[in-house]
Amino acid sequence: MTAPVRLLLCEDDDDDAVLIVTHLRRDGLDVTYERVETAEAAARALRGHPPDIIISDYRMPAFTAEDALRLLHETGLDIPFILVSGQIGDEHAAALMRDGAHDFISKDHLTGIAPAVRRELQDAQVRRRRREAENALRKSEQRFRLFAENAPDIIFRYRLLPSEELEYVSPAAALILGHRPDELCGDPGHVLSFVDPADRPALERSWHSAAPEPLVVRWHRPDGTTVWTEQRAVAVRDEHGRPAAVEGILRDITAQVAAQRERERLEHRLRQVERLDSLGKLGGGVAHDFNNLLMVILGHAELALESAPDDSAVRDDLERIQRAAERGASLTRQLLIFSRLEPSRPEILDLNAVVEDTGQLLRRTIGEDVELIAELEPGLNTVRMDRSKLEQILLNVLLNARAAMPEGGRVTIRTAGVEAAGVPPIVRLSLTDTGFGMSPEVAERAFEPFFTTKRRGQGTGLGLSTVYGAVKEAGGEIGIESEPGEGTTVTIDLPATREPAPAAVDSGPARPHRRDATALVVEDDGEVRDLVETMLAQSGYQVIDTASPIEALRIADAGEPWIDVLLADVVMPGMSGVELAERIRRARPAVPVLLMSGHTTGSLPSGVVLPPRTALIRKPFTSADLLAQLDAILGPGG
C-alpha cells in the first residue's frame, strides 16, 4: 500500500487550500497536508517531518514564496516546490523558477496541478535514487581507495581508450617495485621500461586481451634486484563492448619463486643422492673384482718391463698397457672417493712438496704441447688432508684444463698463504689454464655430479665433482673464475695448520732390499694370488699361499713353517682379512699383517685405527709398493 503524499501548503486562504487539495484528490492522489501562512510555521514543518512536496502561494499577508524557497534552501532538502498564484506576472514567475521553484501553476488553471505534482514527485524520486546511487558509489570508492592504499598487493588500472595510459597504481608499488605511483602512472612505455625485456611482450598482450590470463612478470628495481609478480586482471568494456581498460592486481611472489627454486634444488639434490647411492652400491660391488683385474694387468706389465731389454720393441706396448691400467685404477678410485667408499687418511702435508713430487706425473698427463708452470710461494703453512686426494685434485683439475686446450697451451699452478686479521689462515692453491673457458651457466654447474660438456665417451662428469667433495671434506672452499675465450682459474682454499710436515724419509734404493722371510698369502682370486707370490719370490721371500681363510688358520696354528708376515685380502668368502688377522694374532700377537684391498666398505669403517705392525695396501699396487709396505711393517732385517 502506497503511503499518502505529505503536502506542505503555504496558503493563507482556506478556500484556495481546499480547492487545491480537492483537485489533487480528484486526480487520484492520496494527500495529507499541513497549511501554513507564516515563516515560523513553515520552518517548524520543514524541521519536524519534512513533506514530500511544497505548494506555495506567491504572496500572503505575513509570508511570501521567496521566503518559503529561502527556508527550503537553508534546510538543504531536495523537495519539489510548485508556485501557485493568480497575481504574479511571467517575469516574477521566471525569477522564482531561477531561484529553485520547480513549476508554476496559475490558480485560474488548477486542473494542471495534479499532473505537475505527479511529475515533480517522480522527478524527485529519480533525483533521490541518483543521490543514493552516487552516495553508494562514493562510499564504495572510499572503501576501495582505503583498501587499495593499504593492500599488500599492487592494484592498478590501465586505460586503453581513447588513449593508453596507466591511470592508477596503488602505494604498494613503492614497496614492491621500488617506484612511487607517480613515477609509474602515465606513459606506458615508461612503465614497461622497468619490466624484464623477456616479459614485456606477454605483459602488453595481456593488457590488450579481452580475457587476460594470470601472468608472471619480472620487474627490475632501482637497487638492481629483481621482483617476481603474478598479475591477475580483468578487461573493462565500454558501451560498445570494446575493452576500454584493464584493472587488476600484481602480487609479489618473489619469496614463493625462491622457495620453489629451493625446493627444486633440494629435489635435484635428492635425485643426485639417490644416483650416488646407486653408484656407491655399484662401485662397491665391482671395485673389488675390477681392481683385482687391474692388479693382474698392471703387475704383469711391471714384471714384463723389468725383464725386457731397454731396446726391446715390446717395451712401448708394455708401457701403454701400464698407463691404461693406471688410468683404470684412477677411475675406480674416483668412483670410490665420490661414493664415499674410500676412507680418508688425513695427514700433515707441505702443499709445495706435494706439487713438486707429482710434477712428473702431471707433466706426463697433460702432454708435451701443454706447458706446466709452478709458481710456489716458499714458507707456506701446512695443510691437513689425505695426500692421495690432494694428488687426485691436482690430476683432475689438470685433466679438465688439458681438455680445454686441444691445440696446446699453458697451465700455471700457484700456491700462496693468505692471512687476515680475525680470519683463520688459509693456504691457497690455484690452477690457471689458457683454454677456451666456459660460460657462466657452465661454470655454475661445473661441480655437479655427472655434468660434462665433453662428447659422449670422453668424460664421466665426475672429475670436478670429486675435487669438490675432497676439498669440502678437508674443510676447504673451491671456486671457478672463467670467461669464454679467456681461460679458467680454479681456486682452492684449504685451512692452514702450524704443525710441521713430517720429514721426508730417504727411501734408499729404488727397490727394497731382499729378505729371507716367509709370507703367508691369503687371496681368493687365483690370478692376484699368483702375481703376489711372484713379486715376493723375486725379492727373496718364501711364500705359502692359499685361497681359504680356514686353511690359513690351520697353517698358522701348525707352527711349521714359521710365518714372518701375513698378507690377506680384505674381502673373502666366509671370513674377512681383518677377522683372519685377529684370529691369527690371538695365538701369535706379534705377527705383522698387510691387508690388501680392492675396496674397504664394511671391513675397515671410517675412523678405525690399524693396530701396530698392520698396514693396508690398495689394489692395484706395484711390486715396489708391496715391498716398501712390507719393509715398513717388518722393520730392519734380511
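Yeah, the Cβs are placed from backbone N, Cα and C, and that goes for glycine too.
Annotated features in TrEMBL:
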COILED    123-150  coiled coil
DOMAIN    6-122  domain 'Response regulatory'
DOMAIN    140-214  domain 'PAS'
DOMAIN    213-265  domain 'PAC'
DOMAIN    285-498  domain 'Histidine kinase'
DOMAIN    518-634  domain 'Response regulatory'
MOD_RES   ASP57  4-aspartylphosphate
MOD_RES   ASP569  4-aspartylphosphate
Please spell out the DSSP helix, strand and coil residue counts for the domain 'Response regulatory' (518-634).
46 helix, 25 strand, 46 coil
Cα of ASP569 (4-aspartylphosphate) to Cα of ASP57 (4-aspartylphosphate): how many Å, rounded?
129
Would you mind pulling the DSSP three-state label for ASP57 (4-aspartylphosphate)?
strand
Which whole number is the mean pLDDT over the coiled coil (123-150)?
80
